[in-house]
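Trainee: Pulled these from TrEMBL:
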type	residues	note
DOMAIN	8-337	domain 'Acyltransferase 3'
TRANSMEM	43-63	transmembrane segment
TRANSMEM	84-101	transmembrane segment
TRANSMEM	133-154	transmembrane segment
TRANSMEM	161-184	transmembrane segment
TRANSMEM	223-246	transmembrane segment
TRANSMEM	252-271	transmembrane segment
TRANSMEM	315-340	transmembrane segment
């Protein structure tokens, strides 16, 4: 276990990656009505969980050095690039190669290629060559603002932090209201917060990242953390989240419950925390980035498996195709994690500014 790691937070990241994977597998196949269909169709909110979780983790890892004045932005940014970019680049280039080999209709002009390779597609409306990767681009751009966000979230007064949190929540509320009133309806897919066009992508990411940092600040309060660690509290939040996920257009309520759930898990104690900290969930968390980046291109595998079950019932075909394809994605993701993601991260960190300074000392 890594120093300072909160295992349950790693586990929930794995669960969210699997949720968004199943969401994409079933995106246009499940009926649009019914509680279970509505539950699946809220899979896009896993991305908002990623944004909030990212803010929390950045505060958890770098908050102490930020508060002590020892924080170095160059070290931080290099570590984030080492964590994200190698696998992102390999997967993106692989998908470009596949598109050309298959004579795909994917339009990859110079602007799309450059924006994707540099992870800048969320600054404009350039399509992501790997469709889910728009969120990775948005997150990397928000990392550039970490010194400012950290200053506002971690070093401000309690009142200022409270106002900042209210502002971030209001930003999400305004997005959901605007979508419900069809002011930005052309940018949504399956739900009110399923916004994948600029500038809404950056607003979602910035608000989530900010709220995640504030959750970290709150979880350092022993009394509040003790309350969140109680099993009845965690079960209550979990049940409310399940109910909300079965209701159409409850995106804002679900968003608030995601914040509450992550706060409960941040204590790493209690029934839910124990579940998400378990070895299987922790394993999924370790490979979650690879799962997130690769699963969309496995839709062809899903269609092939589903086609082989032509005479089976609709539900059986969908379940078998989803399970088989998910296992393929998990296997490929594990290979990418151990062969590319982890070794490249370790190699790049040896060349970080901090390591260079240490060797020069």
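Even glycines carry a Cβ here, placed using N, Cα and C.
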Trainee: Checking distant contacts: for the transmembrane segment (133-154), what same-chain residues at least six beyond its ends satisfy Cβ-Cβ under 8 A?
Mentor: 47, 50-51, 54-55, 58-59, 62-63, 66-67, 71, 73, 76-77, 80-81, 84, 88, 91-92, 116, 119-123, 160-161, 164, 196, 201-202, 204-206, 209-210, 213-214, 216-217, 293
Trainee: If we skip the immediate neighbours and take only residues 6+ beyond the ends of the transmembrane segment (223-246), which ones have a Cβ under 8 Å from one of its Cβ atoms?
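Mentor: 35-36, 38-39, 42, 253-254, 257-258, 260-261, 263-264, 266-267, 269-273.
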Trainee: Cβ under 8 Å to the transmembrane segment (43-63), counting only same-chain residues 6 or more beyond its ends: which ones?
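Mentor: Distant Cβ neighbours of the transmembrane segment (43-63) are 4, 6, 9, 12-13, 16-17, 19-20, 22-24, 71, 76, 132, 135, 138-139, 143, 146, 149-150, 153-154, 189-191, 193-194, 204-205, 207-217, 251, 254-255, 258-259, 262, 266, 292.
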Trainee: Which whole-number mean pLDDT does the model give the domain 'Acyltransferase 3' (8-337)?
Mentor: 91
